[in-house]
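Shown next, in structure tokens, is the structure this report addresses.
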Amino acid sequence: MNIEQFQSMLEEKGITLSSRQLEQFEIYFETLVEWNEKMNLTAITEKEEVYLKHFFDSITAAFYYDFSKPFSICDVGAGAGFPSIPLKICFPHLKVTIVDSLQKRINFLNHLAQKLELSDVAFCHDRAETFGKKEGVREAYDIVMARAVARLSVLSELCLPLVKVGGTFIAMKGAAAKEEIENGKYALEVLGGDLKEMSTFQLPFEESERNILLIEKKRKTPKKYPRKPGTPNKLPIEK
């Protein structure tokens with residue numbers, strides 16, 4: 001996906017990028033590739049691939065959810081900033097918090113935010129399991145997002161405790177999402193979530209399947225969740 005295709009395919013979806021926003025994506029790409037030489041941020045480094053599989057793929061969430069309001073967003077395990085930083089570039093009014101367990105990725109994000117001149121961003125070096133217990137962030141976010149972090153039964157325990165009641169958990173998935181939903185239904189129920197919508201589409205050019213799940217937080221999450229680091233993965237909430 002070249003820059004012209006990136007721009008026009010977003011425009012088709014009602015997202016018009018200014019020259020400054022296009023410049024920010026260019027700086028993002030350059031910074032990602034530069035830092036990737038010193039540390040492993042991504043296996044995808046070819047420009048057209050980065051624009052398609054990282055930038056465009058992240059922004060597809062906005063095709064199914066309206067980001068026009070100044071929502072507070074927590075992005076769990078964002079790695080090199082996906083999906084929340086591409087969304088922040090497109091919708092500068094969003095208030096973004098990223099939680100990642102690796103300090104070196106947090107260092108990269110702090111550097112990136114300076115280069116992109118982003119405001120209203122915070123980067124927290126923490127495990128989602130401990131972050132979700134903290135006062136002030138637990139059940140505090142309008143939206144919590146994660147892209148390809150873990151299967152839904154595990155991911156729900158990391159993300160739903162952070163969503164305020166009435167807010168939305170957006171899970172961005174590849175193929176086989178239907179099977180994940182089957183296995184994850186019980187966890188959603190236990191943690192106070194309700195699957196509202198699942199949108200399936202193909203990522204352009206490579207035609208790989210993507211699924212975006214919109215999960216509404218209906219009830220408070222029981223205090224015992226999330227459990228201690230590593231437990232959600234070892235013993236997922238499944239029947």
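Cβ atoms here come from the backbone N, Cα and C positions, even for glycine.
As given in Swiss-Prot:
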- G77, F82, A128, E129, R147: S-adenosyl-L-methionine binding site (BINDING)
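Comment: S-adenosyl-L-methionine site residues G77, F82, A128, E129, R147; largest CA to CA distance 20 Å, whole number. Cβ neighbours of G77 (S-adenosyl-L-methionine binding site) (same chain, under 8 Å, six or more residues apart in sequence): V99, D100, S101, A128, A146, V149, A150, L158. Secondary structure from DSSP puts A128 (S-adenosyl-L-methionine binding site) in a helix. Within 10 Å of its Cβ, the residue among the binding-site residues F82, A128, E129 with the fewest other Cβ atoms is E129.
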